[in-house]
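Working notes for the structure below.
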Ligand SMILES: NC(=O)c1ccc[n+]([C@@H]2O[C@H](COP(=O)([O-])OP(=O)(O)OC[C@H]3O[C@@H](n4cnc5c(N)ncnc54)[C@H](O)[C@@H]3O)[C@@H](O)[C@H]2O)c1
Ligand SMILES: NC(=O)c1ccc[n+]([C@@H]2O[C@H](COP(=O)([O-])OP(=O)(O)OC[C@H]3O[C@@H](n4cnc5c(N)ncnc54)[C@H](O)[C@@H]3O)[C@@H](O)[C@H]2O)c1
Ligand SMILES: [Zn+2]
Ligand SMILES: [Zn+2]
């Protein structure tokens, strides 16, 4: 679908003191990338004097035009790029792949000014970000996320890392990019299921931080599912803005503020860990059912009315996301929740809604309440 | 040698804003460790709530009392420690060992408050520091350096990292400890050659930053070589203070200020890389000959007189350190220097002395001058 006229990208600032940077949300418009990137390079110590780049992508994204578009933009800034392609999928996000990338950086005589560009989904962003964080004590990083999840979630906040064989995301650090370039047109190539998974996080931002945004998702659901560029730009930009705002108040997850982002994730992670391995639940799908279950818990504590959960369920449903965990085994779910890192003093802590646009971290739920809830939700009877 | 009365440790503050911490320099006196460590834990976000620790050491140091003394001090603070022993030597400072340590942290159910304690030389400090920097996005770190080099150099400054098979120290980051505990009594077990290597860095601090300190090394050389505790405490504390001062002005090696620490290291690294592999030159020995060679270069530029080099050579000589590169091949030395990371625009940059206690980063030396110098120094004729 050729566009005769492309708008200038929307810019979302991420305020982190001397580590501040901008996220550009564009629809095509790659000609604007050099002008966007140049000041970002000049602002950062490591970016100044950048002459080389390593573009990291996976074998799916390598077939799409984006790595080439990045290389062209870099070329116009006098930066010579080499491209490294890793197999797609979570298995690439490990120490072995990182070790191979370190060797490639050595082979291309990388120095502290070599730019790492991650072009792809969250796997590529987390892996490329980790390599950038740990090579030569920190290389400048440009994120070019191409999945909705990466655009609204993993490329914002500076969390980078790799998995161990048995534990996800456990090796890593915080490393902020010098800039993020998002082209929502890249979402046209994304499989429906991947798009839906990203939408679960988008819905989450509405619930936890912005009631008006939630309203707008309801109003605009058709256009979003139809991947209308203006709608995608709007929801991506607003999601980035909302997450960036939380991150700028709690960059290293130390004050507890960042915990609001975990709405839907306490039960969601348990679902993913216990039922997700067969592919039954992808992360975003687990978050969707997690949000519904946690909303039910908020009802039982008297925090929200039944209508709240109904409204949330309806929107997730329209986005094609699952909303029920009927049929799962409640025992392992509870065990998995008991291991959550938010817990303190043996009590399970969750982030629960008070009203649309506002959540709170609480340990008010008794383990018995939780057990009852899960028994009910996992049971065969319709709720 | 039992001591009836042990002094309270000397404390050196390292000023790095919210990452500030203290270095304690003690002679024995391990009973003071809990009282020193407690406020350090409480000051740091990650240290608060610390209930577990992983003590990392190597098989040499594991035979000495220090890992056990650390475990006992932690125990008295209610922190349960497990100890992990890796083989001694540079080969342990790699990604494979780091991966094994990550697995141990997982096996002991480490969380973001688990303390990593590095008890040993620079290898253990760099490796343990890297694991602390990258597990769960950053664990609190306590350094307990037991070699002179680690006490005066590698445990100050926050540089942590591991080697790749062909490139030293290339994978890593900056991760400041919450505290450093130094017991100079541990140096009693250190082989002479290791002690001498640490002394090369101590001499360096005098030359680059503190003429009075250099004087005191000359005056106190016998006592230092005799490992008199008061002398060791004094030189370790002052060295830490001098390095900490540089580091606090250029924490991430971005302003160029930290470059002064490279005196003796430009030629020294070249010597280590081209002649050191057979074990002919250990790092500190290479730095010693590097300082003498760079001092000669400063003479040729008219920055210092011949007496300057003579004085430096005499002190290194008294400390049993080599001062001559006669017999080495000048060609590979020059090639290696041309690859130094300080270089800019094709010119070799060195840190050279102007007077005792003061050095400057310069590219004033022509490659031809350098070649002449190396030809002369490597030649068989006595200088
Ligand atoms: N760092 C963070 O804060 C954070 C937050 C959330 C998730 N994550 C991580 O993100 C990862 C999941 O991200 P993801 O869902 O993007 O996974 P992904 O990177 O595996 O991408 C999903 C699939 O989409 C393909 N793809 C990417 N862009 C495409 C495009 N434009 N068109 C067609 N196909 C495309 C990929 O090749 C892959 O097969 C996980 O590893 C998760 O841990 C990180
Ligand atoms: N991070 C930094 O800023 C920095 C600075 C300088 C050097 N380094 C690194 O430090 C390392 C060298 O440090 P090192 O010289 O301490 O090497 P090391 O850790 O290998 O220690 C040298 C030897 O001494 C033994 N040892 C340690 N303590 C002892 C004691 N008290 N008594 C007897 N033996 C003892 C060790 O087992 C080892 O065999 C290198 O890897 C280098 O890259 C790092
Ligand atoms: Zn999520
Ligand atoms: Zn050195």
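Cβ coordinates come from backbone N, Cα and C, glycine included.
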Check: TrEMBL has B:122, B:123, B:124, B:125, B:126, B:146, B:147, B:159 down as binding NAD(+); which of B:166, B:168 does it also list for that site?
Finding: B:168
Next item on the list: Determine, from DSSP, whether residue B:168 (NAD(+) binding site) sits in helix, strand or coil.
Entry: coil
Next item on the list: Reduce the DSSP letter at residue B:201 (Zn(2+) binding site) to three states and note it down.
Entry: helix
Next item on the list: For residue B:124 (NAD(+) binding site), identify the closest of the binding-site residues B:201, B:265, B:283, judging by Cα separation.
Entry: B:283
Next item on the list: Name the secondary structure element type, per DSSP in three states, that contains residue B:147 (NAD(+) binding site).
Entry: coil
Item checked: Maximum Cα-Cα separation (Å), residues B:122, B:123, B:124, B:125, B:126, B:146, B:147, B:159, B:168 listed as binding NAD(+) -> 21
Next item on the list: Please list residues from the chain of residue B:147 (NAD(+) binding site) whose Cβ is under 8 angstroms from its Cβ, counting only those at least six apart in sequence.
Entry: B:120, B:121, B:122, B:187, B:190, B:194, B:198
Notebook entry, point to check: By DSSP, how many residues in the domain '3-dehydroquinate synthase N-terminal' (B:85-196) are helix, how many strand, and how many coil?
Noted result: 47 helix, 29 strand, 36 coil
